[in-house]
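Report on one structure; see the data block that follows.
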Amino acid sequence: MPNIIKSYVKGVDTLNRFTGLVTMHLIFVMIGLLLYSSISRTLFDTPINSVVTISQFLMSAYYLLGGGFSMQEDAHVRMDLFYSSWSKKGKARADAFTSIFLVFYLVILLYGAVSSTMYTIEVGQKTRTLIQYPLAPIKILMTLGVFLMLLQATATFFKDLAKARGVTL
Amino acid sequence: MSYEMIALLMFSTMMVMMLTGQRVFGAIGFVAAVAALFLWGEGGVEMPFTAASKLMSWYPLLTLPLFVFMGYMLSESGIASDLYKMFHVWMGPLHGGLAIGTICLMVLISAMNGLSVAGMAIGATIALPEMLRRGYDKVMVTGVIQAGSSLGILVPPSVVLVLYGMIARQPVSDLWLAGAIPGLMLATMFVVYIVVRCRLQPELGPVLPKEERQMPLGEKIALLKAGILPLLIFVFMTGFFVAGVTSLVESSAVGATAAMLAALFRKRLTFKVLETTIRQTLGISCMFMWIILAALAFGAVFDGLGAVKAIESLFLEKWGLSPWEILILMQLSYIVMGMFLDDTAMLVIVAPLYIPLVISLGFNPIWYGVLYTITVQVAYMTPPFGYNLFLMKAMAPPEISLVDIYRSVIPFVLIMIFALVIVMSFPEIALWLPQYFKG
Amino acid sequence: QSTIKWRLQTYAGPALGEHVIKPAIDAFNKAANGEMVIELFYADQLVPTGELFRAMQKGTIDAVQSDDDSIAAPVDVSVFGGYFPFGTRYSLDVPVLFNQYGLNEIWEEAYDEVDGVKWLSAGAWDPCHFATKDPIRSLADLKGKRVFTFPTAGRFLSRFGVVPVTLPWEDIEVAMQTGELDGIAWSGITEDYTVGWADVTNYFLTNNISGAWCGSFFANEDRWNEVPEHLKTLFKLCMDSSHYYRQHWYWGGEAQLRTEGTKLELTTIPDEEWATVEAEAYKFWDEIAEQSDRSKRVVDILKKYAKTMEKAGKPYRYG
Ligand code: NA
Ligand code: NA
């Protein structure tokens, strides 16, 4: 494998690991926010208005930004009826081939994300809540998440390709 | 292209994609993206990402990462092994007692957790090795773990019923309450089966040696304390939600906090445990949510291309079936699809096709939610292809072969089908509790 | 010649859509005789309502039925779509304002500034009442109530201590049951019964903050231009028939369910007290008028119309 691919794979892995390690802490923000809201509402009779909106933002950022890292960690389930019985090399071969489909999906997803984000920025789209939060920041984060997933899918493709040819990256 | 052709093409392509072993979200997302690009017409290319906006508005889905977090916290906190020890000592004198204790353990784990994976992991790591060591029949105990873990999504809380509630637009509190009695009924049926089977074949579940369970009564009673924490967690989470004190999503945050406090109380809440938990939580949540993202796109494209109408007209007009025939056919189709599809994907893709039809046929959607949940569990446990079967293979010790696992589920699948028929014939079993709470 | 196919998504869910749109679309498909087929999709079915406008611009969806407010249409007049506080008193006000007082022209002008979307026609829906768990008998009862309502109506009602909550429409029934909401200010009593909200609330306030909700039909501009003239005419007739159906369905339904409905108890805030809400609304109008020249023109028209109606007296205005 050419050096440039090696460093690309390494770079993507590092980037996604870093993003993932930061993103995984968002769960504490979600727990804290919701706990605060339930205590404030039940004990002090003060409902927090923006909790739903902000939680929705957090949830979207969480699973999209964490996507690349989760693929790196091999967290994504497969229907391994046949797959599980193949050799390591056979698995890598199949993965390298079917990665084309995965990448295709992610490219279309990214196209939609960019197009949607551009619109949001152009018209200054906001939430329809009492406090009107701008949607641009979360849309940008979501697009970034899809992009990181795409990077990871291509890096994984190269890893599988190397494995299929019996070399390690 | 006719609607029927589109429906057939999209489904068969997805199944082929699944069989390649590519990640489930990629397989589904690819079919959605290709169909959107080539069959939708102008603007179809936007459909895959539109699903992300839809998912954002699915606020109750926030319970998913929180329940996953909670599950990991609970297994780290040692609550499960305490509970196991309690059942171990108290049930040991019976033939098959450890297996019965495992079902009881699963009921308690189910009452603290919204997914069935947690139950299976706890069962496979804590209960299974202990039972094997004591000469229990490996086929029977493997079945016990799988059947027991299936209670996870039936006994409240349940993430599957949250998803079902979002799709069917039904109150989650009613669905959770509706799942409780059928869940306990199923657990009882499992226990009865174990008792009867071990009476006929005592060698399947030998009595625990005396020295292992000999301890002063005071100590034995002290073991019961293990049941307090699960009870507290259940009350704080499900109890407060059903009583209307906390909202659904808030209740899952309360549950996550309670699990953390339980771990803290048992001095197990280390920095390392926290880091492992949130790392695993991110992985599992991403797995589920990317599948939902892809499946939402698939579902919307499938719907927009008219394939839903094709299925409806097939059931209602072309075949001229009666409501009950349609219902039974749907349940059978779940079992077939359960061979190829992941559970989340099946819910997000298939449920939106069936639920409106079920409601328009005059069936009660809350009752159907319970039927649905039992059916998908059966589907994942039915050989030769079932999602749970493979999960079990991955978690079980190497001496348990896939053939053992196949054989192990047969009696339990039969029990579950029997339970399904009972709930179908007597809807009150599911509907009594939610109606009682509504007053 | 191949069939023209449209996907039309409404903001209404299936139970409501059965009345407010489906009969008109079914009639259109029958009359179009295979030359054109419109496939109807309900709230959030293909695209979430908040993204509907852009989806239509991109051609993902060919046509939309909604108020301007719900689909967040990027035009200044969208604030008047949905429930503009005290903008109308009766459901006939909407077609009169659009056809006789110049709102048609203003809406056309506003949407012509936006690429790719053609605004087609506006019509009236139901009045905006409160359905609540606890009774509202005075303005003080509104204080602290968490109410599901529309963005513009919510901004206005927050002046009376109402806490407006925005949730996905389909979560409302659950939110009422789990205590996340105290009430709903989204519709009249007909919808409360039709979509099931009457089952989760106990009281219905007879005072309303708007007599008729204003909603429109829109289409992707290219798709609309491709349709031959006779089918355009047919579609206009179809929109009018949807408007017409809602006129009698809601008008009759509101009266019938107030008198014969058994699920909700009626309460009323005395007229003198409610007049302060109306007075506040006129201040709100002036604030909105400052947002743009076009908004000012709309507000001026609303004022002129209100004056005409008051002058005309009974049955247009009582007292
Ligand atoms: Na559970
Ligand atoms: Na335009």
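Note that Cβ sites are derived from N, Cα and C of the backbone, with glycine treated the same way.
Per TrEMBL, the feature domain 'TRAP C4-dicarboxylate transport system permease DctM subunit' maps to B:13-429.
Feature annotation from TrEMBL assigns transmembrane segment to B:57-75 (among others). Here the transmembrane segment (B:57-75) has Cβ contacts under 8 Å with residues 109, 112-115, 117-118, 121-122, 125, 157, 159, 162-163, 165-166, 172, 248-249, 251-253, 255-256, 258-260, 262-263, 276-278, 280-282, 284-285, 288-289, 292 of the same chain, all six or more residues outside its ends.
Annotation comment: TrEMBL describes B:87-109 (among others) as transmembrane segment.
Long-range neighbours of the transmembrane segment (B:144-164) within the same chain, counting only residues 6 or more positions beyond its ends whose Cβ lies under 8 Å from a Cβ of the stretch, are 60-61, 63-64, 67, 99, 102-103, 105-107, 109-111, 113-120, 123-124, 127-128, 131, 170, 172, 175-177, 179-180, 182-184, 186-187, 190, 194, 237-238, 241-242, 248, 251-252, 255, 343-344, 347-348, 351, 355, 369-370, 372-374, 376-377, 380-381, 388-389, 392, 405, 408-409, 412, 415-416. If you look up TrEMBL, you'll see B:144-164 (among others) marked as transmembrane segment.
According to TrEMBL, the feature transmembrane segment maps to B:176-196 (among others).
Among the features that TrEMBL reports, transmembrane segment is placed at B:222-242 (among others).
Taken from TrEMBL, the feature transmembrane segment covers B:248-265 (among others).
As annotated by TrEMBL, transmembrane segment applies to B:286-307 (among others).
Residues or ranges marked as transmembrane segment in TrEMBL: B:319-337 (among others). Long-range contacts of the transmembrane segment (B:319-337) within the same chain, counting only residues at least 6 positions beyond its ends with a Cβ under 8 Å from a Cβ of the stretch, are 346, 350, 354, 357-358, 361-363, 371-372, 375-376, 378-379, 382, 420, 424.
Residues or ranges marked as transmembrane segment by TrEMBL: B:344-363 (among others). Using a Cβ-Cβ cut-off under 8 Å and counting only residues 6 or more beyond its ends in the same chain, the transmembrane segment (B:344-363) has close neighbours at 24, 28, 160, 163-164, 167-168, 288, 291-292, 294-296, 298-299, 302-303, 308, 311-312, 315-316, 323, 326-327, 330, 333-334, 337-338, 372, 376, 379.
According to TrEMBL, the feature transmembrane segment maps to B:369-391 (among others).
What TrEMBL lists as transmembrane segment is B:412-433 (among others).
The average pLDDT for the domain 'TRAP C4-dicarboxylate transport system permease DctM subunit' (B:13-429) in the predicted structure is 85.
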